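Novice: From Swiss-Prot, here are the annotated features:
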- 163-183: transmembrane segment (TRANSMEM)
- 598-634: coiled coil (COILED)
- 605-624: region 'Disordered' (REGION)
Amino acid sequence: MKAYKPPVVNKFGVISSTYHEELLKSIFESSNRRKSQKPKPSFSISKEFILRFNHTDNPAEEEELLEQARRLIVRSKRKLGLKTLGSGKHVHLPTAWAEVIYLAQCKGEIQDEALNMLHASLDHVSFDHDQLPALFFLAESVLYRLCCDAFMKGYLYSVEIKLVKIGYLIFLRLFVFFLHGHLESFKQHLLRLQPYLYALHFSEPSYYKYPNIISNVQFILKTSEIICKRELHSEPFVESPDETEDPYSDLNHLQLNKRGYEVNHLLWHSVAAWSCVQNNRPQLTEVLEHLLFYKTQLQTKCWLDSALALMVLGEAAKLDMACLKTLMDLVTDFLENILSAQNQEENYNIYDTSWASEIVFTYTTIIAEVCLYAATSDLRKTALIGFCACKSPQQGISLTDKSEELPELDGASILTLLKYFSSRISDNCEKVIWIGYYGIVYNLVKMSWELQGEQDQDGLRNMIWQTLQKIKDYEQDPRIRCALVIAQAELNGPSDPFCTKATPNSGEEVFSKYIGWRIATTLSRLFFPSLDVAPPKTPVEVDLPRKHTIRERQPAKKRVLRFILKDHSSVVEVSMTPYPNFFTKADKKLEEIIDHHWQKDMEARKREEEAYKAQNQKDKEEKEKIHFQEIMKQRERKLNKQTKPYEIILSEKESGSEKKCGFFELKPSTAPNAK
């Protein structure tokens, strides 16, 4: 068989082999050189960009970098999905979170905008275990900023408050993932967080004057303590060699072993109540009765589950009056028992006030959110003034008269707690009293700011404004006046140590509007799986390892309470439907638009029918007129008369007398026989 040899084409002419190799080598190097010298895209965030942005002195370059940073902010907003609650094909949260935390290192308005975007995103996005690496990166970045930048300053700044609020949302999400058992493969990430948590623990006393910050800091430390003790199987990262008693000894009774973390009954029943409200289940009354039966669990020093229970029950209270009453009854009973125990001074130590004040401050935030975002006006009014029948709620508030007859605690509404705490505030009062008073005043300022521009709620805003004016005029306690200053500074955005210029940002989210709903939805799916995800009743062989099957079923056996699963098995079978999302609202809006156009079409048809009837009437009258004219023509032709039938013709005498009387003159008849 002949071998085919293609012809050799020499593109370089007749040259030597050595020169040919050198020519090919130079062409290859030049092509690689052009690729390596390709500039980076202008939209990339790098260390050089941040350094140039923060240290440039050239006004032209500063304006150019600021414009580029604004374009980066717009791109990050789209990736975060701030307008769609973190959903959509264009959303990529891990990348967007990393970009935003990098942009937060820039000075001025870019830093404020980036932190506000990150806080809003962490508030409203749904829970997905693919977010865990990015969440740990955010946690490490925020803790680093707090420990290495914020703690070095001698004053409190708005950026520091925002960082603490963002850290609270991050660790709240990590704790929910911990309840699902998703943190088992992130031990290395937890170890990297421990030095920063250790520094945060020792800087905690610097925040004791600010309950709004110390509340978030204590939540971060408590959450990390439980997660690290469970996942790392070691002692707590905080140890006090000078003290014989462990400040976190209340964790020793928890069953933090391989079988998982056991939630208390209060949290379980709160999630059950929320599920009943969401699905309109008739078992709501019985669930609330059982929830009140476990109200003593709110008084345990392991308060993390209690805080989550109040948060979930607060979400149910935004939709149902019975849940709101149960929430108020829980807190009223809690305050009465805690204050009576402190007055007796039995078994009282420094850690009791810490966890009790944490519960009280958490409740003040929850009841403020209910007052703002409840579904009906009755719920909002009840959250503000309680279940009283008084006509004017302002009559019940008196901040000037602190007489010996102190009012009793008859509810847990905002104004009721304000009246109760203000009558008992003093220099040596219990920590729960002044922190509760601080929380009420702090949230009232934020509520007044949130209601700006809401014309439908002018009455609520006026009542809050009048209450704040009374507090400003008559309250002399420096801790309460500090609450007014801190809240106003947080909303107005003063200067901070991380930037040379700061502008107030009106787009900042004052309250975390969605995180409670997200947590309630996720926990309801964990505690009460729907039929499509629940394992079948008949044994079916599944190609999964046995260890994985046991790990899924064992926590459910520990968390399940008998009264629901045994007596009311239908609770497990309900499908958990979340609040209307963006697409549901869009469909509803489209339906309204279609209905509007249908109404316009009906009105147009009605106008056409009326015009058609009017035209028919006009044509009918025209036909009658033509018919009458034809009759008159026939009469004139036959009788030679132009008078109408039965028309009377006057004689000349009668016509003359009528002229004398002043009547109009009539034309003489044209009939031939007329005289």
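Yeah, the Cβs are placed from backbone N, Cα and C, and that goes for glycine too.
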Novice: Report, as numbers and ranges, which residues of the same chain sit near the transmembrane segment (163-183): CB under 8 Å and 6 or more residues beyond its ends.
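Specialist: For the transmembrane segment (163-183), the far contacts come to 115, 118-119, 122-123, 127, 129, 131-132, 135-136, 138-139, 142-143, 145-146, 150, 190, 213, 216-217, 219-220, 223-224, 226-227, 230-231, 260-261, 263, 304, 308, 512, 515, 519, 522-523, 526, 551, 555.
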Novice: Can you count helix, strand and coil residues in the region 'Disordered' (605-624) using DSSP?
Specialist: 20 helix, 0 strand, 0 coil
Novice: Would you mind giving the whole-number mean pLDDT across the coiled coil (598-634)?
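Specialist: Across the residues of the coiled coil (598-634) the model's pLDDT averages 90 on the 0 to 100 scale.
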